[in-house]
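To start, the structure under review is shown below, and the notes come after it.
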Amino acid sequence: MYPVDLHMHTVASTHAYSTLSDYIAQAKQKGIKLFAITDHGPDMEDAPHHWHFINMRIWPRVVDGVGILRGIEANIKNVDGEIDCSGKMFDSLDLIIAGFHEPVFAPHDKATNTQAMIATIASGNVHIISHPGNPKYEIDVKAVAEAAAKHQVALEINNSSFLHSRKGSEDNCRAVAAAVRDAGGWVALGSDSHTAFTMGEFEECLKILDAVDFPPERILNVSPRRLLNFLESRGMAPIAEFADL
């Protein structure tokens, strides 16, 4: 098991069922050292208000030896790469994930989807693109992976895509992993948990990575320090409370 999980939702996204405290308790049981709460951005119908994200600054950094990153799974809004995260939200958040979600950006043709994703990557506002292997959104995988490597943005392999959602993602995700490997980029693993019980589960992700001989040294979840080094390379100030994770 890797000790870092970068994608999960709480009851603040009302189609999810666990609290921050639930995730902390589960992290202690499973040996997770660092995790990110990434509730849906406010343009989603059941997402929290933008004040929710601004007020995450009151969260403790570490509880019972478990580090907590303040994050969001923002929505890509248009071909210009705009996302539903702005202003004071950026000041409170450590980790910005962004991806396509049908209620905000409906599936388009391959060229349009690719343009929107690359513009989001190039914006400098995001750290990870969520579930880029979603078969509903055809993209130029090679072009996206090369843009992500250039701009130091990780592409996610999402465990939920192989279990509960985005049916038919396997082939696309293998292609994404292979393209990231060839481009020398980063992969992030996300459980995409909507209940704490699936936190840290990456078994299906690892099957995808193994199938393409993906290099472990390019997986962000291998250690808290690797993930923090990545975020600091993107401009995040070092967080003193995480020094001993």
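Glycine is treated like the rest: Cβ placed from N, Cα and C.
According to Swiss-Prot, His101, His131 bind Zn(2+) 3; the candidate from Glu73, Glu82, Glu146, Glu170 that the record adds to this site is Glu73. The Zn(2+) 1 site recorded in Swiss-Prot comprises His7, His9, Glu73 together with one of Asp182, Asp192, Asp210, namely Asp192. Surrounding the centroid of the Cβ atoms of His15, His40, His194, where the record places Zn(2+) 2, the chain contributes additional residues within 8 Å, namely His9, Ser13, Thr14, Ala16, Asp39, Asp46. Within 8 Å of the centroid defined by the CB atoms of Glu73, His101, His131, the record's Zn(2+) 3 site, lie the Cβ atoms of His40, Asn75, Ile97, Ala98, Gly99, Phe100, Ser130, excluding the listed residues themselves. Of all the binding-site residues listed here (His9, His15, His40, His101, His194), the one with the fewest other CB atoms within 10 A of its own CB is His15.
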